[in-house]
Amino acid sequence: MNKTAIALLALLASSVSLAATPWQKITQPVPGSAQSIGSFSNGCIVGADTLPIQSEHYQVMRTDQRRYFGHPDLVMFIQRLSSQVSNLGMGTVLIGDMGMPAGGRFNGGHASHQTGLDVDIFLQLPKTRRTSAQLLRPQALDLVSRDGKHVVSTLWKPEIFSLIKLAAQDKDVTRIFVNPAIKQQLCLDAGTDRDWLRKVRPWFQHRAHMHVRLRCPADSLECEDQPLPPPGDGCGAELQSWFEPPKPGTTKPEKKTPPPLPPSCQALLDEHVI
């Protein structure tokens, strides 16, 4: 499948009706031991943790959206990464969307983030704390040139390279999605230490943030992991294919109906949503 077709599918997956989904009616985590259920784009979570809003190492954006819930492993990853960044004097980590209290489908903006194992992290590390008003209406910093072929040199900082590398080297991280131009710059800057680049995957948009995904926890028996990324650093022909012009004659795919929920997620909805 060519890149244009994939882009259209991704857009359709994330641009669903803005009407509230049943999952948004669940306002608190479902009690129980933490269990991520299903796949990243069709699942839910029992026993989600709430990311503490107050931290000296990170700040949470758009708290009015209440998307700061996730598996305990995700909360610990955010705390671990932000502590590393702070100890290195790099700045404050800005946390975007995680998931809803019970996971599940959003009414727009995300196709994944459903099992409590995904988090968006802005690719900027401010030295001064954001105000409450700034956190509610954050300003994204677009690091990619208008033609999409490279990063903006005046905006690309060594600290951003280090932030992505630190996240990729974490034991629980399985994938990090960034814009192809950002992946290309990481490949140029990486030097001889390149093993971590395998986890960094090029994807549409993601010009101002990275989307970090954790592996399924060992005790979440109903969680469906993705296959591992292909071997290698991903800096060769695969990456360059993202910069090729779309093939002529690409047609817009039909909008697909969401697949049935995993039985455990459907049972959760039946029990907790009237």
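Using N, Cα and C of the backbone, Cβ positions are placed for all residues, glycine too.
Annotation comment: Swiss-Prot describes 1-19 as signal peptide.
Annotation for Cys265 (disulfide bond): spatial neighbours Ile37, Gly38, Gly43, Cys44, Gly103, Gly104, criterion Cβ-Cβ under 8 Å with sequence separation of six or more. Swiss-Prot lists Cys44-Cys265 (among others) with the feature disulfide bond.
Within the same chain, residues at least six positions away from Asp120 (Zn(2+) 1 binding site) with a Cβ under 8 Å of its Cβ are Ile95, Gly96, Asp97, Met98, His209, Met210, His211, Val212. Taken from Swiss-Prot, the feature Zn(2+) 1 binding site applies to His110, His113, Asp120, His211, supported by sequence analysis.
Secondary structure at His150 (Zn(2+) 2 binding site), as computed by DSSP, is coil. Sequence-distant contacts (6 or more apart, same chain, Cβ under 8 Å) of His150 (Zn(2+) 2 binding site) comprise Val144, Ala181, Gln184, Gln185. As annotated by Swiss-Prot, Zn(2+) 2 binding site applies to Asp147, His150, with the evidence given as sequence analysis.
The Cβ neighbour count for Cys187 (disulfide bond), using a 10 Å radius and every protein chain shown, is 16. The feature disulfide bond is assigned by Swiss-Prot to Cys187-Cys235 (among others).
Annotation comment: Swiss-Prot describes Cys216-Cys223 (among others) as disulfide bond. Around Cys223 (disulfide bond), the C-beta neighbours below 8 angstroms that are at least 6 residues distant in the chain are Gln35, Ser36, Ile37, Gly38, Gly43, Thr115, Leu117, Cys216, Pro217.
The region 'Disordered' feature in Swiss-Prot is assigned to 227-274.
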Item to complete: Tell me the Cβ contacts of Cys235 (disulfide bond) under 8 Å, same chain only and six or more apart in sequence, or just say none.
Response: Lys183, Gln184, Cys187, Arg194, Leu197
Worksheet item: Can you count the other CB atoms that lie within 10 A of the CB of Cys44 (disulfide bond)?
Response: 30
Worksheet item: Going by DSSP, is Cys235 (disulfide bond) part of a helix, a strand, or coil?
Response: coil
